[in-house]
Amino acid sequence: MAEGETKSPGPKKCGPYISSVTSQSVNLMIRGVVLFFIGVFLALVLNLLQIQRNVTLFPPDVIASIFSSAWWVPPCCGTASAVIGLLYPCIDRHLGEPHKFKREWSSVMRCVAVFVGINHASAKVDFDNNIQLSLTLAALSIGLWWTFDRSRSGFGLGVGIAFLATVVTQLLVYNGVYQYTSPDFLYVRSWLPCIFFAGGITMGNIGRQLAMYECKVIAEKSHQE
């Protein structure tokens, strides 16, 4: 073999770190898309429950009533759901407190069912006054957190989400960008923060479960390599 002859370089292989980062980025995008569509679906369902207050079940215009809100509301709810669902596991990792309480899909589905039930109660049950409605929904929302979360970070994020979402919603209403069909604006404000709090806890649980599944898949792939 001649001295000047050099071997042609073979195909470059990505290191395990680059491969892991790429895999995590793709999984993060997939989780965001899944959370977005879950948020859009829940927004449509919960909007239907609010519209159905004091109305017979499945009226003729039920399909039209699902999309009676402003067109941009479901996408905004989906975007917020994606942000919340991705934020919860990130906060857990940052605090070094991995959430391990009731980490299975059956628990997550029960949490979603309870959240829908809380929203259904706010739409269907008649209370004597708005204070009684607020206290009842607050107790139910905190009960949802205690049953399916019990983390300090989850409670803190839920309160922050409820406060921020309520303020943004009120600003939109005051500026005429969005309006409620209910003539009793005080009634709406009495249940809105509780619904946002419960929704934040619910989407956080979904996001945590998706993140835990991603960690399992990445761990299995790295073990195989």
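Counting begins at 1 with the first residue displayed.
Every residue gets a Cβ built from N, Cα and C, even glycine.
Straight from Swiss-Prot, the features:
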MOD_RES   Ser151  phosphoserine
MOD_RES   Cys215  cysteine sulfenic acid (-SOH)
TOPO_DOM  52-70  topological domain 'Lumenal'
TOPO_DOM  176-189  topological domain 'Lumenal'
TRANSMEM  29-51  transmembrane segment
TRANSMEM  71-88  transmembrane segment
TRANSMEM  104-126  transmembrane segment
TRANSMEM  130-148  transmembrane segment
TRANSMEM  154-175  transmembrane segment
TRANSMEM  190-207  transmembrane segment
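For the topological domain 'Lumenal' (176-189), the model's pLDDT averages out at 60. Taken residue by residue with DSSP, Ser151 (phosphoserine) is part of neither helix nor strand, so it is coil. All chains included, 22 other C-beta atoms sit within 10 angstroms of the C-beta of the residue listed as 'phosphoserine'.
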